[in-house]
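Lifted from Swiss-Prot, the feature list:
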type     : residues                                  : note
BINDING  : S21, E46, W47, R48, R82, R213, S232, Q236 : 3-dehydroquinate binding site
ACT_SITE : H143                                      : active site, proton donor/acceptor
ACT_SITE : K170                                      : active site, schiff-base intermediate with substrate
Amino acid sequence: MKTVTVRDLVVGEGAPKIIVSLMGKTITDVKSEALAYREADFDILEWRVDHFANVTTAESVLEAAGAIQEIITDKPLLFTFRSAKEGGEQALTTGQYIALNRAAVDSGLVDMIDLELFTGDDEVKATVGYAHQHNVAVIMSNHDFHKTPAAEEIVQRLRKMQELGADIPKIAVMPQTKADVLTLLTATVEMQERYADRPIITMSMSKTGVISRLAGEVFGSAATFGAVKKASAPGQISVADLRTVLTILHQA
């Protein structure tokens, strides 16, 4: 399976990489959060732009992205506008969403963008191509905060992301039962062993699903989300604890 290299970070080999989310509402919040994150042990910084109040003004967004890059200079920056329908804070039209991601790509300030699978195939394909022309990697994502689809459906969505050109397909689902967590892990193994030719990221959310955030190296998920201060999704654990567990599993 091929790995994905972003700056000097190789995703898809060794222990799963740790992603943390920055969620400031104003440029002042963004800067203070970035400063607070500087000493934390993580691999990729995700900026959750849907938390940023002034998201429809490209200048403000790019000013904030520049501020993050000045403060955290040594980590890849993942630019993510999570839509309201997939658990995010704000709603944009498809046109606004694509334009925002293209502006981020154009800026040269971000290393990766997150594109939601169900944005529309044509828009997604074109935006993936655009990102790749500018040497920006794409995490393609899907989130279900209500349930865990059947394993076949999870695999199908991950394969679709791969077909649409994602560098890293990602899915997060909500378990209603312990068996749902096994469904997600089963789908992860099947995708990783039978279909994936690139790294994937999967997780089962909430406290019930926390094992999926820790055992990625065993089942085939290449990255996991941790919390520095406030969790960006249910079930995230602190980055320090996360690194300890990932290292134990890696060295076992």
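Backbone N, Cα and C atoms are what each Cβ position is placed from, and that goes for glycine too.
Not measured: the values here are computed from a predicted model.
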Query = Taking S21, E46, W47, R48, R82, R213, S232, Q236 as the record's 3-dehydroquinate-binding set, what's the max Cα pairwise distance in Å, rounded to a whole number?
reply = 20
Inquiry  = In whole Å, how far does the CA atom of Q236 (3-dehydroquinate binding site) lie from that of the residue listed as 'active site, proton donor/acceptor'?
reply    = 15
Note = Top of the recorded positions R48, K170 by count of other CB atoms within 10 A is K170
Key: Alpha-carbon distance [K170 (active site, schiff-base intermediate with substrate); W47 (3-dehydroquinate binding site)] in Å   = 16
Ask   = Could you tell me the C-alpha distance between E46 (3-dehydroquinate binding site) and H143 (active site, proton donor/acceptor) in angstrom, no decimals?
value = 16
Ask   = Tell me, how many other CB atoms lie within 10 A of the CB of S232 (3-dehydroquinate binding site), whichever protein chain they belong to?
value = 19
